[in-house]
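Have a look at the structure below before the remarks.
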Amino acid sequence: MESAPAVIVAIDGPSGTGKSSTSKAVAARLGLSYLDTGAQYRAITWWMVTNGVDVTDPSEIAAVAGKPDIVSGTDPAGPTITVDGVDVAGPIRTQEVTAKVSAVSAVPEVRARITELQRSIAADARTGIVVEGRDIGTTVLPDADLKIFLTASPEARAARRSGELKNADVDATREALIKRDAADSSRKTSPLAKADDAVEVDTTDLTLAQVVECVVGLVEEKRAAK
Ligand SMILES: Nc1ncnc2c1ncn2[C@@H]1O[C@H](COP(=O)(O)OP(=O)(O)O)[C@@H](O)[C@H]1O
Ligand SMILES: Nc1ccn([C@@H]2O[C@H](COP(=O)(O)OP(=O)(O)O)[C@@H](O)[C@H]2O)c(=O)n1
């Protein structure tokens, strides 16, 4: 029997809409690989900060964008991320990296490098892959079999995020999210955007389990039609 063709799923949307949790669960359920592209942009930002690069200067960022070696492990049960062999899963989630990542990810040389890495990881995924980010459906994998664009109200997103961070103030978290989304949506090179052929799912009043069911159903429909 021939094995099923690889299926490529792109999941995009603003921060806190449930991309990572949904993508991991869908990939695990369907036996697919999983790639968190936000973690890659956070990793290159962490490297810039650690190496004293002035992240307010795009030309300084561009000049060293090719230096760090970023490797992503794509098992949805235990995704990993290293920079030059160092495990950075923890350090990439600090407030400092979160505050600086939009500036670094807006630099075209950074996007070109990370996009190439993402495409090669997707091409290597034997059974297929769920790739989550901001520009996967529009730019990185425009021929994906299924594109999902997750949304949720800023209040729901801030409540979810501040639930994860100890002592986080919901209002401050909401303002920070809105600011980062605005930066990500307004940059020139491949901004956060819904692809014309993406299915939009508003997760404000859905549980994570409901979102996962919805996406698994859509992937299965696409697989059946392949
Ligand atoms: N539909 C949902 N309802 C409630 N909480 C959710 C839902 N989806 C995700 N979450 C929670 O919200 C937080 C942010 O989700 P995450 O998947 O990291 O979002 P994103 O990757 O879009 O930033 C996590 O703590 C996650 O468990
Ligand atoms: N495909 C992507 C994914 C993330 N990013 C950038 O990386 C940042 C962090 O992404 P993330 O997915 O870890 O963010 P959270 O929503 O998890 O907080 C975003 O705010 C964007 O600036 C991007 O530019 N393109």
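For all residues, glycine too, the Cβ spot is worked out from N, Cα and C.
Cβ-based neighbour count (10 Å, all protein chains) for SER15 (ATP binding site) stands at 22. Under the heading ATP binding site, TrEMBL lists GLY13, PRO14, SER15, GLY16, THR17, GLY18, LYS19, SER20, SER21.
Taken from TrEMBL, the feature domain 'Cytidylate kinase' covers 9-220.
Candidate binding-site residues: GLY13, SER15, THR17, SER21. Those with a Cβ under 6 Å from ligand 2, in sequence order, are SER15. Sequence-distant neighbours of GLY13 (ATP binding site) (same chain, 6+ apart, CB under 8 A from its CB) are LYS19, ARG134, ILE148, PHE149, LEU150, THR151, LEU192.
DSSP gives SER21 (ATP binding site) a helix state. On the 0 to 100 pLDDT scale, the domain 'Cytidylate kinase' (9-220) averages 96 in the predicted structure. Taking the mean position of the Cβ atoms of GLY13, PRO14, SER15, GLY16, THR17, GLY18, LYS19, SER20, SER21 as the ATP site, the remaining same-chain residues with a Cβ inside 8 Å of that point are THR22, GLU132, LEU150, ALA152, ARG157, THR203.
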